[in-house]
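Enquirer: The structure follows.
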Amino acid sequence: MPTVISPTVAPRTGAEPRSPGPVPHPAQGKTTEAGGGHPSGIYSAIISRNFPIIGVKEKTFEQLRRKCLEKKVLYLDPEFPPDETSLFYSQKFPIQFVWKRPPEICENPRFIIGGANRTDICQGDLGDCWFLAAIACLTLNERLLFRVIPHDQSFTENYAGIFHFQFWRYGDWVDVVIDDCLPTYNNQLVFTKSNHRNEFWSALLEKAYAKLHGSYEALKGGNTTEAMEDFTGGVTEFFEIKDAPSDMYKIMRKAIERGSLMGCSIDDGTNMTYGTSPSGLNMGELIARMVRNMDNSLLRDSDLDPRGSDDRPSRTIVPVQYETRMACGLVKGHAYSVTGLEEALFKGEKVKLVRLRNPWGQVEWNGSWSDGWKDWSFVDKDEKARLQHQVTEDGEFWMSYDDFVYHFTKLEICNLTADALESDKLQTWTVSVNEGRWVRGCSAGGCRNFPDTFWTNPQYRLKLLEEDDDPEDSEVICSFLVALMQKNRRKDRKLGANLFTIGFAIYEVPKEMHGNKQHLQKDFFLYNASKARSKTYINMREVSQRFRLPPSEYVIVPSTYEPHQEGEFILRVFSEKRNLSEEAENTISVDRPVKKKKNKPIIFVSDRANSNKELGVDQEAEEGKDKAGPEKRGETPQPRPGHTDQESEEQQQFRNIFRQIAGDDMEICADELKNVLNTVVNKHKDLKTQGFTLESCRSMIALMDTDGSGRLNLQEFHHLWKKIKAWQKIFKHYDTDHSGTINSYEMRNAVNDAGFHLNSQLYDIITMRYADKHMNIDFDSFICCFVRLEGMFRAFNAFDKDGDGIIKLNVLEWLQLTMYA
């Protein structure tokens, strides 16, 4: 089960949130053959340049099936092949599974027999009861079911060994295409199977979901809410039943009426997700136990046709016991589906009932209202018929609501709209979706317990513009729901990834800062308490909660509990009225705009070099600046009294040193620049630097070169040196422990102090490019970063002929600009 952490933070102010409700049914999304997605938009320009070259455009299900039918071949999925790489990633097994297509397993295979229903799902030995419990819930809503399982496929008409299923994936609907090869042992399906031996929709759906996550093993252990959301695009609410509201039964009934999906479980005290095995049971032992079960089953069935008949029920095998079975028939640490709620008349009194289903297909509750309960004889025949009572071992059973509350500890509801289940009124909700990323060393700041880095987390401005329409509520309040979901952690399990412990906090933005979209700084969070926050930090894929706050502008700060944890997420905000949710981003700019010469053709290395000729003008202005730091934009720097003579003497000394190194041509190359800089820098022992590398000096020359000569003259070098001196002061300011490095989280402030204003994406890129493995930046890297920023801003301005912030380059210009940098 998930681990819950309640961090020690400033207490929340404002009203307690109501329990969240359900999500609008998403529109038709994009179709892709692959189970995975494309790189997110955050770094798409960078990632796409390194993305594998794709020879052909991705084909849709229809195109692939048509091609197979034309060639009269059965489809074989190259992305999820029928071999052990699609099964397990943690180890190889001596047991040999045989991949078979349904026509090879039985006669007359059918995709769906008599409609897809919850009895078609019998768990194999994978430990994915959480997934199967969600499927059982899905079968109760035919509209949702056939959104996930398209109608256009069968084993008869246009059969080509290819099937497809659709899942909601982080804001989009994706079409997952698979072949119909399934793993078998002794001609039995290894994993999920139907109650009918020749029905295969549930097994193929499980395979498509396994492909979406990279392997079957990736499905071992989870929370029902994950699959529920992937089937619907909904938002889940999570109840600890012992702390549930007094009208919980009413909430559950409305959830059933509105088509919401529900699952429940009994905590086993091990903090494991549903279906995970104890630490002492590895995958090899798990498979060995499974095979013994199947062998025993075969001994019982040895006299029957090994291919199986059309109508013989498949042999159901109780999975290896990761979970703990109780005397009452319930199983701890196991996911159940909630499939119905009713009130029955018994001995003159109404009794509230809950219908549950065990995805094993057997092992049921044996107490009051169970299938074999002795007091069914006192229940009216019509009541029995209404409750569809029958004594069958199908995993489904009734129990009283009182027994349900007594035994079960957790309830999960996946809502299909964002309407509160306590309300009888349905509203249309406004939805906004933001994608984000925590980058170690830059924007992975951890929770509020880590004040030095918390402020660096991604920030999202939320403008609540209109109050709710509720005549019975005198408060001026806006209702909204926040859902934070981490991405791809299950798919990346094979790389060692696990779910992070996540949560979020909500702060009100001061009125004077409304509308400016600036990233709020450390001091703001040190002296302002949150207005609301997630109830807990928890290691689940999604954390969601409903809030009620007055109209205003707020900032939502999503974070992991611990800092330095890197991952991607989406943040969804649902509100009853109009709202605006967007990432807080600074405008990209530099404090000292550079004059641009216009209408001159761009030749070779530089119009950038031409723009660098402006360095002399900037130098004269800078020499009159106060040592405290960069001037504000638009202010004219004034020379300090008595500064000219002192500067002239320094310039003369500088010229003499430069002439000694440069020679008669008064220009230096990269090697000579390295010697000059390191001679001076080595005198500053407090910098604790080993000096500049040759590659760093080459970059400095390329980015400061005004004539495209590949060398620096005195004026160019003087300007560079002035910059380095100014940046050195900034570096020392942030090197608080005198280690010769600064923490990468402080780089955002250092860059701002130097006059460069960037957005979060660029700060993340700087960290990835210049920080070491300990997330520290040394003096050499620090200066190289600033030189590059200075040079690239100047280069952009050189190419921005119209001053509109947009440049257009041909391939020659692009290569010249990037290669000589």
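Just so you know, glycine gets a Cβ as well, placed from its N, Cα and C.
Residues or ranges marked as region 'Disordered' in Swiss-Prot: 1-37, 603-651. According to Swiss-Prot, the domain 'Calpain catalytic' annotation covers 74-417, on the basis of sequence analysis. Among the features that Swiss-Prot reports, region 'Domain III' is placed at 418-586. What Swiss-Prot records for 587-649 is region 'Linker'. Annotated compositional bias 'Basic and acidic residues' per Swiss-Prot: 622-635, in sequence order. Annotation source Swiss-Prot lists domain 'EF-hand 1' at 649-683. What Swiss-Prot lists as region 'Domain IV' is 650-820. Summarising the annotation, Swiss-Prot assigns Ca(2+) 3 binding site to D735, D737, S739, T741, E746 and lists sequence analysis as the type of evidence. The Ca(2+) 4 binding site annotation in Swiss-Prot covers D800, D802, D804, I806.
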Enquirer: Of the binding-site residues D735, D737, S739, T741, E746, which one sits closest to D800 (Ca(2+) 4 binding site) when you measure Cα to Cα?
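Expert: Of all the candidates listed, E746 is nearest in space.
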Enquirer: List the other residues in this chain whose Cβ sits within 8 Å of the Cβ centroid of the Ca(2+) 4 site residues D800, D802, D804, I806, in sequence order.
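Expert: Close Cβ neighbours, site residues excluded: K801, G803, G805, I807.
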Enquirer: To the nearest whole angstrom, what is the C-alpha distance linking I806 (Ca(2+) 4 binding site) and E746 (Ca(2+) 3 binding site)?
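Expert: Approximately 30 Å lies between the Cα of I806 (Ca(2+) 4 binding site) and that of E746 (Ca(2+) 3 binding site).
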Enquirer: Near the domain 'EF-hand 1' (649-683), which same-chain residues lie under 8 Å Cβ to Cβ, leaving out any that are not at least 6 residues past its ends?
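Expert: Contacts of the domain 'EF-hand 1' (649-683) (Cβ under 8 Å, skipping residues fewer than 6 from its ends): 689, 691-694, 696-698, 700-701, 709-714, 717-718, 721, 724, 779.
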Enquirer: Any idea which of the binding-site residues S739, T741 has the thinnest Cβ neighbourhood at 10 Å?
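Expert: Result for the binding-site residues S739, T741: minimum number of other Cβ atoms within 10 Å at S739.
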Enquirer: Please work out which residue of D735, D737, D804 has the most C-beta neighbours within 10 angstroms of its C-beta, and give that one of the binding-site residues.
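Expert: Most Cβ neighbours within 10 Å: D735.
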Enquirer: C-alpha of D804 (Ca(2+) 4 binding site) to C-alpha of S739 (Ca(2+) 3 binding site): distance in Å?
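Expert: With the alpha carbons as reference points, the distance is 43 Å.
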Enquirer: Cα of D737 (Ca(2+) 3 binding site) to Cα of D802 (Ca(2+) 4 binding site): how many Å, rounded?
Expert: 46
Enquirer: Centre the Cβ atoms of D735, D737, S739, T741, E746, go out 8 Å, and tell me which other residues of that chain have a Cβ in range of the Ca(2+) 3 site.
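Expert: In sequence order, the nearby non-listed residues are Y734, T736, H738, G740, I742, N743, N776.
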Enquirer: A 10 Å Cβ contact count, applied to the binding-site residues E746, D800, D802: which residue has the minimum?
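Expert: Minimum Cβ neighbour count within 10 Å, taken over the binding-site residues E746, D800, D802, occurs at D802.
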Enquirer: So what pLDDT does the domain 'EF-hand 1' (649-683) average out to?
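Expert: Result for the domain 'EF-hand 1' (649-683): average pLDDT 80.
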